[in-house]
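The structure appears below as structure tokens.
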Amino acid sequence: MSPTVPRIVMKFGGTSVADLDRIRAVAEKVRKQVEAGCEVAVVVSAMSGVTNRLVGYCRDLSPQHDEREYDTVVATGEQVTSGLLAIALQNLGVNARSWLGWQIPLRTDDAHGKARIASIDGANLISSMQAGQVPVVAGFQGIGPDGRITTLGRGGSDTSAVALAAALKADRCDIYTDVDGIYTTDPRIVTKARKLDKITYEEMLELASVGAKVLQTRSVELAMKERVRVQVLSSFTDGPAPSEGHLPGSLVVDEDEIVEQEQVAGIAYSRDEAKISVRQLPDRPGIAAAVFGPLADANVNVDMIVQSTGDDGTTNMTFTVGKTDLTRAISVLEANHGATRYTELQTDDDVVKISVVGVGMRSHAGVASTMFRTLAERNINVQVISTSEIKVSVLIASEYTELAVRALHTAYGLDAA
Ligand code: ADP
Ligand code: ASP
Ligand code: MG
């Protein structure tokens, strides 16, 4: 291989391959990149809406379906797109071939439905690229230790792409989507959101993990670990083939590549959580362990927690769990009532978690107080709070999502001019 040939992984998400016209447009983009002299590997998602439909089929047939069969079903979406894009590329005279996870192979652990990548053998793809062929890889899928198809969790094609970029030692991983970069918040709810030229791995990781769906959390984790240069850009705008030094999208980079560090890099929201209040627990040592131990044993992830103690020897525990875990969490708490002796359980799934994220918080005080003041001025009640080194999150009623995110965006000086 000539060391001067740039190697790029191009990933296209669901809306970018939503129909045959979009697939033709994507093929055109890939052709341009090849003609610009790059070695290119492509990763595709299922056509928009397809994965949701397939997930729905499994749930409708059986809410407690076998996860191995779920993977067999949902992985088909990406198989269709990889074949279609290979055909569209061949139509344009580009030598292309589809690859499924097991053909690479992309090996994962056995956690069907949310598998983690164990290893990727890049040798076959590299020889195919060096022979002038464009591999079109079905994202989201791999092969487990039992030899069966696995999938990587919703949004997992991002992770396929980054992992592939690491395995192929690519110069860059370009994530093409329906917005032209990473913004200070979801541009679909805040029109004044500002596009970021660069964001640190750490901030992007935190934003993704608190709900910014633009990149799957694991893809950022992996990019950070493997030092993959990730760019997010639009598949809908037509420009010249991107070249280094003049990138149209947003780059995820190391902290030292960012000259001016804002206090807050971005704001995210998540509607995926539900609140549980366990009321009037006996206020004694070990009560938190008695509540949360059985939840952990049942694989229920608890996120935010507050404890408020009364004067009457009782205490209330309020916390959040994933909306999809709510029913399971309640049954676990009820089954464990003998050990906790609470008087009442209350639940609310009409809540949203709003988070502000920025590495600048390490050196600036006052980020949290600005958040509380801004929400108070809008009469928005904060129900639960949690913080980490570079993040403050609050739980509020979901009807205030847009209002809160917009107000905070303005309060932290993030609005576009
Ligand atoms: P794809 O199908 O290409 O994987 P996704 O829907 O998973 O696309 O991710 C893109 C979406 O992420 C955008 O349409 C946007 O609404 C949302 N989004 C949330 N937060 C952000 C952010 N901070 N910057 C850009 N997009 C964001
Ligand atoms: N098609 C899968 C999903 O919708 C994976 C992806 O698009 O990244 O979750
Ligand atoms: Mg996505």
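Every residue, even glycine, has its Cβ placed from backbone N, Cα and C.
Taken from TrEMBL, the feature ATP binding site covers Lys11, Phe12, Gly13, Gly14, Thr177, Asp178, Tyr183, Arg188, Lys213, Val214. Summarising the annotation, TrEMBL assigns substrate binding site to Thr51, Glu78. As annotated by TrEMBL, domain 'ACT' applies to 276-350, 356-417.
Annotated features taken from TrEMBL, shown on the structure.
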residue: Lys11; record: ATP binding site; CB count, 10 Å: 29
residue: Gly13; record: ATP binding site; CB count, 10 Å: 24
residue: Thr51; record: substrate binding site; CB count, 10 Å: 24
residue: Glu78; record: substrate binding site; CB count, 10 Å: 30
residue: Thr177; record: ATP binding site; CB count, 10 Å: 24
residue: Tyr183; record: ATP binding site; CB count, 10 Å: 25
residue: Lys213; record: ATP binding site; CB count, 10 Å: 15
Exercise for the section: Could you check which of the binding-site residues Lys11, Gly13, Thr51, Glu78, Tyr183 have their CB within less than 6 A of ligand 3? Expected result: Gly13
Exercise for the section: Consider each pair of residues in Lys11, Phe12, Gly13, Gly14, Thr177, Asp178, Tyr183, Arg188, Lys213, Val214, all listed by the record as binding ATP, and report the largest Cα separation in Å as a whole number. Expected result: 21
Exercise for the section: Tell me which binding-site residues (Thr51, Thr177, Tyr183, Lys213) have a Cβ under 6 A from ligand 2; sequence order is fine. Expected result: Thr51
Fill in the blank from the handout: The correct three-state DSSP answer for Gly13 (ATP binding site) is coil
Practice task
Return the member of Gly13, Thr177, Lys213 nearest to Glu78 (substrate binding site) in space, with distance defined Cα to Cα and candidates limited to these binding-site residues.
Solution key: Gly13
Practice task
For the domain 'ACT' (276-350), jot down how many residues DSSP puts in helix, in strand and in coil.
Solution key: 28 helix, 29 strand, 18 coil
Practice task
For the domain 'ACT' (356-417), give the DSSP counts of helix residues, strand residues and coil residues.
Solution key: 29 helix, 14 strand, 19 coil
Fill in the blank from the handout: Rounded Cα distance in angstrom between Lys11 (ATP binding site) and Thr51 (substrate binding site) is 17
Handout entry: In sequence order, those binding-site residues of Lys11, Thr177, Tyr183, Lys213 whose CB lies under 6 Å from ligand 1
Key = Thr177, Tyr183, Lys213
Exercise for the section: Quick one: pull the CA-CA distance for Thr177 (ATP binding site) versus Thr51 (substrate binding site), whole Å only. Expected result: 16
Completion exercise
Taking only the CA atoms, the spacing between Gly13 (ATP binding site) and Thr51 (substrate binding site), expressed in whole angstrom, is 12
Practice task
Sort Lys213 (ATP binding site) into helix, strand or coil using the DSSP assignment.
Solution key: coil
Exercise for the section: State the Cα to Cα distance, in Å, between Lys213 (ATP binding site) and Thr51 (substrate binding site), rounded to an integer. Expected result: 16
Problem - Rounded Cα-Cα span from Tyr183 (ATP binding site) to Thr51 (substrate binding site), Å - result: 26
